[in-house]
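Marked as UDP-N-acetyl-alpha-D-glucosamine binding site by Swiss-Prot: Thr10, Gly11, Gly12, Asn124, Ser195, Ile249, Gln294.
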Amino acid sequence: MKIILSGGGTGGHIYPALALAEVIRKHEPDTEFLYVGSERGVESNIVPATGMPFEKLTVQGFKRSFSLENIKTVSLFLKAVKEAKKIIKDFDPDVVVGTGGYVSGAVVYAAQRLHIPTVIHEQNSVAGVTNKFLSRGATKIGVAFDAALSQFPKDKVFVVGNPRAQQVASIKSNFSWQQIGLSDEKPSLLIFGGSQGAPPINLAVIDAMQEFNKRNYQVVIVTGPKRYENVLDRLTTQPADNVRILPYIENMPEVLAKTSAIVSRAGATSIAEITALGIPSILVPSPYVTGDHQTKNAQSLVDAGAALMITEPALSGKALLLAADSLLLNESVSKTMTEQAKNVGIRDAGDRLYALILDAIGE
């Protein structure tokens, strides 16, 4: 089998595609993959590092307001579609899978024009612009959230989850909190605002530090590499022995597997990882995303009893501390939330999406 994967712009579009490839290789080791991404996107570094063949296209996103730049965007898109057609004809895939981002729009649309089966995957509860555009011509559509079902043609959309969940759930963790000077016997709260960090979360942590120092649970704060020194400079109370402040964590899935509770943004990949592992969570959605989709992602977990949510305007040291205490000092609440998170998580998401791809090829 030969498959073209395309998704770009953010890790939330890229990692599900790579996780899917990992699952498919377990079922069909001889599968050939080609990843088509954008020239300037992070996928141009992430994908080649995995050893997967990679082709580049030049695309850019639309401006939300009227702009002459949108004329250039359309021109680049049409050129990218033409280039994508050549790539597709040369590779001759059985199916083309798009996981979102503007580059996948050009690639999947080109495949549709060439009458090649296409599958798109929507990771968020609010469908992205690209996937909405592609949905009419797609052979099959997989979504991660029930809330996304109504946004696509009902005869070809199915809930499959996020392949990243299956990848994380299968990891055997060798991590020990002792590696950073903490105990494996105490509950541990991980506060993580994403790979670049989240200033509002960092500020709330600074505000809560004096009280965190007094708790009998452990607190690990990941600031983001560029924000680490700033956080240390702004502390008025130094961390106690139960608190660690780190710029980043390289082996995040292994650390997550040993985490008692987490404070996190509500991006699709984070949600997939949290639910796959059944981690009680305090979600702080970013309000600076398209369609406010992180709030809707978070609300789906809150409605299921799998998470707490603090909106960014309501975030403070006190609010963060109260939420953390409610999870880490109340075993029954934590246990219930763990069970509900696992119920929400789809731990065989990669297998489900693979089955959908086979259905698309068979049509």
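Cβ atoms are placed via backbone N, Cα and C, with glycine included.
Every protein chain considered, the tally of other Cβ atoms within 10 Å of the Cβ of Gly12 (UDP-N-acetyl-alpha-D-glucosamine binding site) stands at 23. The record assigns Thr10, Gly11, Gly12, Asn124, Ser195, Ile249, Gln294 to the UDP-N-acetyl-alpha-D-glucosamine binding site, and the maximum Cα to Cα distance across that set is 25 Å. Cβ neighbour count for Ser195 (UDP-N-acetyl-alpha-D-glucosamine binding site) (all protein chains, 10 Å cutoff from its Cβ): 13. On its own chain, Gln294 (UDP-N-acetyl-alpha-D-glucosamine binding site) has Arg265, Ala266, Gly267, Pro285, Ser286, Pro287 as residues at least 6 apart in sequence with a Cβ closer than 8 Å to its own Cβ.
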